[in-house]
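*Asks:* Please read through the structure below; I'll follow up with questions.
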Amino acid sequence: MTVQTFTPNQTTTLDTAKKTIEQQSQELTPSGGNKIGFVSLGCPKNLVDSERILTQLRTEGYEIVNSYHDSDVVIVNTCGFIDSAVQESLDTIGEALKENGKVIVTGCLGAREDEIREVHPGVLGITGPHAYENVLEHVHQFAPKPEHNPFTSLVPDHGVKLTPKHYAYLKISEGCNHRCTFCIIPSMRGDLVSRPVGEILSEAERLKNAGVKELLVISQDTSAYGVDSKHSLGFANGSPVRQNIKALSEELGKMGIWVRLHYVYPYPHVDDLIPLMAEGKILPYLDIPFQHASPNVLKAMKRPGRAERTLDQIKKWREICPELVIRSTFIVGFPGETDEDFEMLLEWLKEAQLDRVGCFKYSPVEGAAANDIDDQISEEVKQERFECFMLVQQEISAAKLQKRIGSTMKVIIDEVDEEGAIGRTYADAPEIDGLVYLNGETSLKAGELVDVLIEHADEYDLWGSLVRA
């Protein structure tokens, strides 16, 4: 066991994150205090919660270790979004109990305490998501707070990070105001609560000063940032800043590093972000989960959007910012999805020509309203539709990447080994999108930004050579 993450990948896998997490644990100064093992599962938003807990534990003098057997207590930060994630969480809790015996559970699955207790009655304590203080209380109970000189800092200014040093997730809000019928996030994390803009920008500045070259802005609903405060004025560095996603993006764009927006809900005011991308202030990359194209399915999901309107919106965005890359996610096999609905989705996909796409087969989630919808789709039909959908998108992706051949692109290096370097362009987020391979380039370092001549492409990835000055 190590301090680790589990993130489902939709296209390709990169081991950088786990390696860096192991290195992070080794690089932390030993404190001599009680030792904590930590397992972080699920999405980047959960990863940020783990970073916050670990930062506080280090501040209090606890030591973070890499094995079950060396730990006085093991914390498992769980995911409970879909059935496979629930099973992953329960299996991990069971492994920690078997190997160590003293386990504290937190995270999204922690909101369903009875379900955990039924399978694993021996856990020491259970808390829901972002219940940081409750987690620490459980730790204090079973691994007393070490005697620690408060004037000896065990934590870097930017806190403990579970990502490689050159990129970091920046969470701007918690919770969600939407009630999509396939989702139970609001029941676990509550309604949307935005962080003060000054607090976000201060964290971003600390991360930049620590060497971060890429900020990945995340939340449950990034484009709704500030709606809970009615987009009131906040302050950053003594200057007023409106608490909305456009103003926040403008401020982040002044830092001179890559800024990538994730989980952007398809509101009309997303239009305001595109000029910032066209001007080079933030990356021309939009992660926007459309989920489907059929009006009937979208209505059943309680999702916004009409197929023709979103297509017009995408066309308008690309006219303003031709370099724009759009990533999206979709659900096939949603209850009540007819053959006609699915064909409509495929036609929309062909028309939209999205750059990066993830697809999920609908999976019932305990507590989700969609479970009560009539006409559940068989697993066989779900699989057929999934394969058909991904084949269509694979052809789109391959054609788009072929057009990159012969161009020179800026690439951020993620990993270097004895065979060469692996990086990403602005079009690719870590863990979920494609990669750029530079065979033989063993002298580069993670975090470097280099120019690469693209020479080859497949359905998801690129190969190229370094452009030397």
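Each residue, glycine too, has its Cβ placed from N, Cα and C.
Below, the features straight out of Swiss-Prot:
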- 34-144: domain 'MTTase N-terminal' (DOMAIN)
- Cys43, Cys79, Cys108: [4Fe-4S] cluster 1 binding site (BINDING)
- 162-399: domain 'Radical SAM core' (DOMAIN)
- Cys176, Cys180, Cys183: [4Fe-4S] cluster 2 binding site (BINDING)
- 402-468: domain 'TRAM' (DOMAIN)
*Asks:* Of Cys43, Cys176, Cys180, Cys183, the binding-site residues given in the record, which has the fewest other CB atoms within 10 A of its CB?
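*Replies:* Among the binding-site residues Cys43, Cys176, Cys180, Cys183, the lowest count of other Cβ atoms within 10 Å belongs to Cys180.
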*Asks:* Can you tell me whether DSSP puts Cys180 ([4Fe-4S] cluster 2 binding site) in helix, strand or coil?
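*Replies:* It is coil.
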*Asks:* Using the recorded [4Fe-4S] cluster 1 site (Cys43, Cys79, Cys108) as reference, state which further residues of the same chain have their Cβ within 8 Å of the centre of those residues' Cβ atoms, listed in sequence order.
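*Replies:* Those within range, site residues removed, are Leu41, Gly42, Lys45, Asn46, Thr78, Gly80, Phe81, Ala85, Gly107, Leu109, Pro129.
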*Asks:* Rank aside, I only need the closest one: which of the binding-site residues Cys176, Cys180, Cys183 has its C-alpha nearest to that of Cys79 ([4Fe-4S] cluster 1 binding site)?
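*Replies:* Spatially nearest to Cys79 ([4Fe-4S] cluster 1 binding site) by Cα position is Cys183.
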*Asks:* Average the pLDDT scores across the domain 'Radical SAM core' (162-399) and report the rounded value.
*Replies:* 92
*Asks:* Just the number: how many Å between the Cα atoms of Cys183 ([4Fe-4S] cluster 2 binding site) and Cys108 ([4Fe-4S] cluster 1 binding site)?
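*Replies:* So the Cα of Cys108 ([4Fe-4S] cluster 1 binding site) lies 12 Å away from that of Cys183 ([4Fe-4S] cluster 2 binding site).
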*Asks:* Taking the binding-site residues one at a time (Cys79, Cys108), which has its Cβ surrounded by the most other Cβ atoms within 10 Å?
*Replies:* Cys108
*Asks:* Other than Cys176, Cys180, Cys183, which residues of the chain come within 8 Å of the [4Fe-4S] cluster 2 site, judged by Cβ distance to the Cβ centroid of those residues?
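*Replies:* Here the nearby residues are His178, Arg179, Phe182, Ile184, Ile185, Pro186, Gln220.
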*Asks:* In Å, rounded, how far does the Cα of Cys176 ([4Fe-4S] cluster 2 binding site) sit from the Cα of Cys43 ([4Fe-4S] cluster 1 binding site)?
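*Replies:* Cys176 ([4Fe-4S] cluster 2 binding site) and Cys43 ([4Fe-4S] cluster 1 binding site) have their Cα atoms 15 Å apart.
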